[in-house]
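Structure first, then comments.
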Amino acid sequence: MAAQKDNPDIIHLESRTDQGDPNPKNITSEITPVPKPNTDSPLTGRDKAAQFLKQANQATIIVTPSENARILRKIDLHLLPIILFVYCLQSLDKTTLSYASVFGLIDDTHLEGQEFSWLGSVVYVAQLVFQPLVAYALVKLPVGKFCATMVFCWGAVLCGMTAAKNFGGLMAARLLLGAFEASVAPTFIAVVQMWYRRKEQTTRNASWYAMLGVVNMVKPSPRVYNLGSLLTYGLGHIKSTLRPYQIIFLFCGCITVAFSIVMYLFMPDSPMTAKFLKEDEKLIAIERLRMNQMGIGSGVWKWEHVREAMLDPKTWLWFCLMLTISIPSGGISTFGPLIIQSFGFSSFTTILFNIPFGAVQMIATLGGAWVSDKIHMKSAVLLFLCLPPIAGCVVLLVTGRASSDRAVLLVGYYIISVYPGISPLIYSWSGQNTAGDTKRKVTTGMLFVGASVGNIIGPQLFKPSEKPRYDRGLRSNLALFVVLAVLIVAGMLWIRVLNTRQAARRRALGKSEVIRDLSMMDRKRGDNQYDEEILNMGEDNVGDKAFEDVTDLQNEDFIYVY
């Protein structure tokens with residue numbers, strides 16, 4: 001490729017092996033002018049992206065904005081279909097338990113007392129136990145191959161769940177299911193972090209998480225003609241000695257096993273090894289991530305990163321946020337259909353009325369991500385998303401259970417269903433404020449430890465004996481949504497403190513105190529007109545530590561986002 005450097009349509013992405021013009025002001029880029037590298041530093045322990053760029057031995061990469069957009073589209077087309085379908089399968093596999101309860105599972109397996117609640121919780125017990133191993137594996141092992149193997153194993157377990165005849169058999173199957181599913185969401189967060197700019201990450205995380213809404217609309221429901229009618233009609237009318245929920249377990253398990261093979265073959269482990277990218281495209285895919293200041297992956301487990309993660313107040317903030325949202329999430333996801341049924345509806349009508357719940361989930365998840373991208377803030381959107389669930393809990397608590405109250409009760413239930421939009425924003429808020437390969441994986445692990453604990457506690461707050469009102473569970477959820485809002489405000493204040501400290505560090509080092517976060521910027525006026533701040537940044541070698549596998553606290557140029 002050849003181009004003139006004074007052409008405003010050209011992005012210049014410089015390789016770290018470049019020994020050319022040392023003045024970054026002379027380089028223009030949609031993302032950042034790349035600083036002159038220090039090629040004398042050792043590669044051991046650095047990000048694999050730094051090693052790849054050095055080995056490429058290419059002085060300059062010149063790419064037009066259209067090429068940059070083309071590579072992003074290429075990444076989306078190859079990664080997102082796999083991620084979305086796998087998460088849809090996981091959501092479907094886990095939540096079929098709640099619908100099985102409506103269609104005879106409890107009676108067939110002679111469940112008593114809190115046994116059904118424990119079937120909902122045991123998956124998260126396993127995920128809680130396995131999160132440290134998942135964090136280690138995501139640093140040391142090829143990400144795509146590791147996740148595909150786990151998907152295969154959970155599909156096989158789901159097939160075997162068909163044979164469970166009692167509480168013990170169901171518990172064993174659900175325990176294994178949780179162990180193998182523990183890696184899926186952390187892997188997808190890691191994949192998004194290693195392929196996308198911070199500006200692009202929120203919508204990608206929201207996209208795969210929105211599959212929960214799809215599942216709630218197409219969830220197996222015999223004889224109900226909804227968006228999943230073709231699947232459910234066929235499964236519900238198979239002539240077999242198996243019960244409908246057993247057929248569903250078997251069908252979903254076989255689909256999962258089959259798709260795990262597709263995932264193993266086509267899911268790349270990193271931009272450096274992606275077969276769908278040419279060599280020059282790999283370089284562009286890497287360089288466009290420089291101003292994330294997060295790197296891609298080192299493959300080296302660093303205990304100093306673990307220590308920093310555990311001592312960093314942010315880590316515990318993310319943990320508390322996920323714990324707080326996951327308690328009501330765990331209860332509603334398990335008892336949601338039973339809550340609707342308690343309004344006085346039949347089993348089939350219960351399934352039908354749960355379809356809008358899934359639609360609201362999708363709108364809240366994708367809409368929340370879209371708004372946060374537009375205003376460049378996740379915290380404000382998170383605060384707003386806390387309000388509808390608070391109102392919904394109040395409606396269900398103060399409304400009676402007479403047949404004339406059904407419409408109001410349904411509205412209250414649907415308002416609560418905004419809450420799933422909160423979790424993916426927490427994933428993105430956490431991930432975009434953490435750097436260093438090991439630290440990122442440990443922090444993500446802590447997120448899912450909090451989520452697992454919350455999902456264990458959540459179903460225990462609802463007891464079948466308390467129907468039709470489920471007052472204890474709803475009061476607890478109301479209090480937790482209020483606590484969540486308080487924690488979000490605390491997070492905003494702490495981010496402000498951290499950015500003030502970073503500015504002071506830069507000033508002490510003789511650098512510019514104020515720098516712009518180019519990883520969160522994009523075109524503001526369309527086509528070929530770019531924000532002047534993007535075109536003129538590059539002072540103080542901002543970005544020279546991007547692929548050094550240093551943590552956010554070790555990099556004075558790291559900018560924390562709200």
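Don't overthink the numbers, they just go from 1 along the chain as shown.
The backbone N, Cα and C atoms fix where each Cβ goes, and this holds for glycine too.
Feature annotations, reproduced from TrEMBL:
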COMPBIAS  1-19  compositional bias 'Basic and acidic residues'
REGION    1-45  region 'Disordered'
TRANSMEM  75-92  transmembrane segment
TRANSMEM  118-139  transmembrane segment
TRANSMEM  146-164  transmembrane segment
TRANSMEM  176-196  transmembrane segment
TRANSMEM  208-225  transmembrane segment
TRANSMEM  245-266  transmembrane segment
TRANSMEM  316-339  transmembrane segment
TRANSMEM  351-371  transmembrane segment
TRANSMEM  380-399  transmembrane segment
TRANSMEM  411-430  transmembrane segment
TRANSMEM  442-458  transmembrane segment
TRANSMEM  478-498  transmembrane segment
Worksheet entry | Folded-back contacts onto the transmembrane segment (411-430), same chain, C-beta under 8 angstroms, at least six residues removed | 185, 189, 201-202, 205-206, 209-210, 212-213, 314, 318, 321-322, 325-326, 328-329, 332, 336, 339-340, 356-358, 360-361, 364-365, 367-369, 372, 378-379, 381-382, 385-386, 388-389, 391-396, 399, 443-444, 447, 451, 477, 481, 484, 491, 561
Practice prompt. Give residue numbers and ranges for long-range contacts of the transmembrane segment (245-266): same chain, 6 or more residues beyond its ends, CB-CB under 8 A.
Written response: 78, 82, 85-86, 89, 92-93, 96, 99-100, 103-105, 144-145, 147-149, 151-152, 154-162, 220, 235, 238
Discussion item. Give the nonlocal contacts of the transmembrane segment (380-399) in its own chain as ranges (CB under 8 Å, at least six residues past its ends).
Written reply: 328, 339, 364, 368, 371-372, 405, 408-409, 411-419, 421-422, 425-426, 429, 471, 474-475, 477-478, 481-482, 484-485, 488-489, 562
Worksheet item: With an 8 Å cut-off on Cβ pairs and a sequence gap of 6 or more, do the transmembrane segment (75-92) and the transmembrane segment (442-458) reach 3 or more such pairs?
Response: no
Worksheet, complete the sentence: Counting only residues at least 6 beyond its ends, the same-chain positions whose CB falls under 8 A of a CB in the transmembrane segment (316-339) are 95, 97-99, 101-102, 117, 120-121, 124, 350-351, 354, 357, 389, 396, 413, 416, 419-420, 422-423, 426, 429-430, 443, 446-459, 461-462, 464, 467, 470, 473, 476-477, 480-481, 483-484, 487-488, 490-491, 494
Discussion item. Tell me whether the transmembrane segment (442-458) sits in contact with the transmembrane segment (118-139), defined here as at least 3 Cβ pairs under 8 Å among residues 6 or more apart in sequence.
Written reply: yes
